[in-house]
Amino acid sequence: MSANANANASAPAGRVPDAAGHFGRFGGRFVPEALVAALDELDAAYRKAMTDEAFLAEFDALLRDYAGTPSLLYSAERFSAKAGARILLKREDLNHTGAHKVRNVLGQALLTKRMGKKRVIAETGAGQHGVATATAAALFDLECVVYMGEVDTRRQALNVARMRMLGATVVPVTTGSRTLKDAMNEAMRDWVANVDDTHYLIGTAAGPHPFPEMVRDFVRGIGEEARQQCLDLTGALPDAVAACVGGGSNALGIFHAFVPDTDVRLYGFEAGGEGVETGRHAASITGGTSGVLHGTRTYVLQNEDGQTIESHSISAGLDYPGVGPEHAWLHDSGRATYAPVTDTEAMAAFELLCRTEGIIPAIESAHALAGALKIAPTLAAELGREPVIVVNLSGRGDKDVHTAGEYFGILDKE
Amino acid sequence: MSRIGVAFDKARADGRAVLVGCMPAGFPTVEGSIAAMTAMVEAGVDVIEMEIPYSDPVMDGPVIQKASDIALASGVRTADTLRIVEAVAATGAPVVTMTYWNPIEQYGVDAFARDLAAAGGTGLITPDLIPDEADEWLAASDAYGLDRTFLVSPSSTDARLKMTAEHCRGFVYATAIMGVTGARAETSDAAPILVSRTREVTDLPVGVGLGVGTGAQAGTVAGYADGVIVGSALIRCLLDAPDQATGLAALRALSAELAEGVRTPIR
Ligand SMILES: Cc1ncc(COP(=O)(O)O)c(C=O)c1O
């Protein structure tokens, strides 16, 4: 896509999202009435907080002193040489708890306190969001229950142990496909029953309004930092920004500051699993259709009757059959480009980063790396020079060592 | 007046509440669910609430989840659910369809309204569609003369209660308990309060659901509400039974007990 095509992708008039959380035809609230009061309360608390200097100062201080942000923007020279592009890694893997997720969690935990609620619940796929939530709950002295698909509790056993060490209760979910979508169903059911004293700390920029907008605002520091860091480092904005897309928080976090910079191409890489054509994937935008899931209208993997289809990905954190509504809108408006990356491509990029840079990425983030490797030659040809690509390295790979070890066949037999 | 309205009026004249019995379409099979709903009507259920099974039923507890999973695994399609409406409506009882929103959106809102009306259905109960997002459904239900039942909750503000009731037609569904479907030992204190709050803003009949499982509980709810909505307890009759005949017998027995309950309101 040319820079001009991007520039022509204009936003519809008015505020986005609108006051009811609509991003064009996406977003909104498709929830039981029982939750509306809590969503309204949350919306009011969040809007008040975002203009309250005391809140913002507290949030900033936590991000800096506790989470360790701003994260570095690192010029990955050896990886760049292989990529044929200058790759700048936004090192969210270096944050406390090992991923971008901590930013959202600290923001929502602060809001929970402000709303006077004593209990947080969360869904988790890879376990990163669960760990981040358990961490914030320990820090803020909140009771914490994390719902996790039974399949994921097995592939991410290390994170289950971490959550328990931090004092959280982990509930393995045995309904449906036993992955992230079912964990989200169970968390919703818990919330409907306990909404008085409980905040549902959703882990990505999806779900009913105000979650998509609020989560984006809590993580948008990623892009604000990266934009300035890139200017400082290279004297210019990057040619492209790349991120993996599960529910979409790390991608929106890094995209948001760049959306007005229409010369900067935005690429979201979805989990292509075994290949979109096989049907075994988690690429909701590339391989799905518009529908309603988990409280919002967005792209969904579903059959003709609107029944959700199970997603597949080697990465637990991307294994979700929906996507945040703002991505659906960015896709429709043409401002961002979405493409699938297969398990195989992601694992090749995973290995390449390990061997060239001594950095073990999360398998989720490896999808963004693989995507950058794919777009680099086209961008170089289009620009007639080496392109500069900022890649959101959304998390570290410690939690994935077992999966990756099995994948590469490097574990010793017992 | 809608056919559901007629059923509520008749019950009110008789000094009792309407018994609404819920069953997932296609559970355990299309034919099996028609037999179950027919048996419920024969044993005294006044109105059938047929739930379209959905893969992600966030308002439902374990019993309805399990029954929905069985129905989906047996291969029931949205089009089949319309056939079930037609067959059950032939008993003479009003059949209202309860559905999460996505299956309707995928079928096409206008097309579904048209086909539901043609099948003899009275309207929709929409657990995850609030009037705020319902423009397309408001138009389609007007076009085909279908009832609209939105939910009200103990947590609804007065303003939302009024707005929601204003968008309803047929009856209003009061979710008595903050929580998902499933029979409970006790129904809640919040329910009578919610019903009287709802009555202040609408003349429509008010049905109370979530948690009722026995004739005595039905009698308690009949003491303050116009309709008693029972789901999980009826479904469990089939889930727990070793074979269809035993299941249908249990279903008939519980339906009759509940029908007796709504005729002996405890005030
Ligand atoms: C490291 C990492 N990156 C990305 C994701 C995907 O989530 P999102 O698309 O919301 O960033 C996850 C989710 O668990 C994750 O742990």
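Even glycines carry a Cβ here, placed using N, Cα and C.
Some features that TrEMBL has for this protein:
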ACT_SITE  B:Glu49  active site, proton acceptor
ACT_SITE  B:Asp60  active site, proton acceptor
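Proximity of B:Asp60 (active site, proton acceptor) to non-local residues of its own chain (separation of 6 or more, Cβ distance below 8 Å) is seen for B:Ser68, B:Val180, B:Thr181, given in sequence order. Long-range Cβ proximity for B:Glu49 (active site, proton acceptor), meaning a same-chain Cβ under 8 A and a gap of 6 or more residues, is found for B:Val20, B:Gly21, B:Cys22, B:Met23, B:Val96, B:Thr97, B:Met98, B:Ile125, B:Ile229, B:Gly231. Under the DSSP three-state reduction, B:Asp60 (active site, proton acceptor) is assigned to coil, being neither helix nor strand.
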